[in-house]
């Protein structure tokens, strides 16, 4: 019988994260285990960030990302910040390089506790997002919610931050739209062969965007880092904002900078909640009796 793995329950602006220590192990977290953990009120999560041994020279770890429905994700900016906080507390280091399904990510913890993640370069070609049919201009595509002559939402910007995003621009409060109603329908729309993250965005100034997101494989979320990045770069492409903005998500603000080298930097906090151990095959878990913070004795 395999030994249990250590984990830390954390969050990035309310985006619920489990950071699981799978280093030195040959097994993987099963979809069944993920679904069981997601169904428990104490361990309910949006994503599991499973830290594995590195696969590629020059990286510190491979990070497998698992949604609460048991599917795998390519990217999770909020989860990456949680991983950095956990590993920084364990190792005393501030800078890390990770490999994910989306590619190589670098991240740094600052003296003020905020964490910056280089989310890489956005992609806008319809085949890279991907879309099921050709669109030469992905700043706006033909897609709408509601009646043809009076759509509730229409003409989203689409982009990939290693995962597909659709951003619907609106001119009033993002909370006035029933994202919980149409989010799952749009996530599974045929135009998105790999499904998509669906966001509503309201530009409130040249430096600020309000954003709500229906996250692919997770549902409504208080924060989605890659969606904030996708909204920021799409706002620049549609001439709504400058290249550095604050994206206000339900959980709080994220600072997004689309640099001149085309890389997107995301900066925000991470928060530790509790630690424990779990069975990667079944999802059976227990809370650590001591339950110290990672700054006291290391994390996941």
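Each Cβ is built from the backbone N, Cα and C atoms, and glycine gets one as well.
Keep in mind it's a predicted model, so treat the numbers as computed, not measured.
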Query - Swiss-Prot annotation, substrate site containing 15, 47, 67, 77, 78, 163, 215, 216, 225, 226 - matching residue among 61, 197 - result: 197
Query raised in the report: Between 249-274, 275-300, which stretch does Swiss-Prot give the note region 'Disordered'?
Result: 275-300
Requested in this report: Could you tell me which of these binding-site residues, 15, 78, 226, has the fewest other Cβ atoms within 10 Å of its Cβ?
Outcome: 15
Query - substrate site shell beyond 15, 47, 67, 77, 78, 163, 197, 215, 216, 225, 226, criterion: Cβ within 8 Å of Cβ centroid - result: 46, 73, 75, 76, 79, 213, 218, 221, 224, 227
Query raised in the report: Given the binding-site residues 67, 197, which one has the fewest other C-beta atoms within 10 angstroms of its C-beta?
Result: 67
Requested in this report: Counting Cβ neighbours within 10 Å across all chains shown, tell me which of the active-site residues 76, 224 comes out on top.
Outcome: 224
Requested in this report: Express the distance between the Cα positions of residue 224 (active site, proton acceptor) and residue 78 (substrate binding site) as a whole number of Å.
Outcome: 7
Query raised in the report: Where residue 15 (substrate binding site) and residue 76 (active site, proton donor) are concerned, what is their Cα separation in Å, rounded?
Result: 10
Requested in this report: Might you list, by sequence position, any residue in that chain lying six or more from residue 216 (substrate binding site) with a Cβ less than 8 Å away from its Cβ?
Outcome: 67, 73, 163, 164, 187, 195, 196, 197
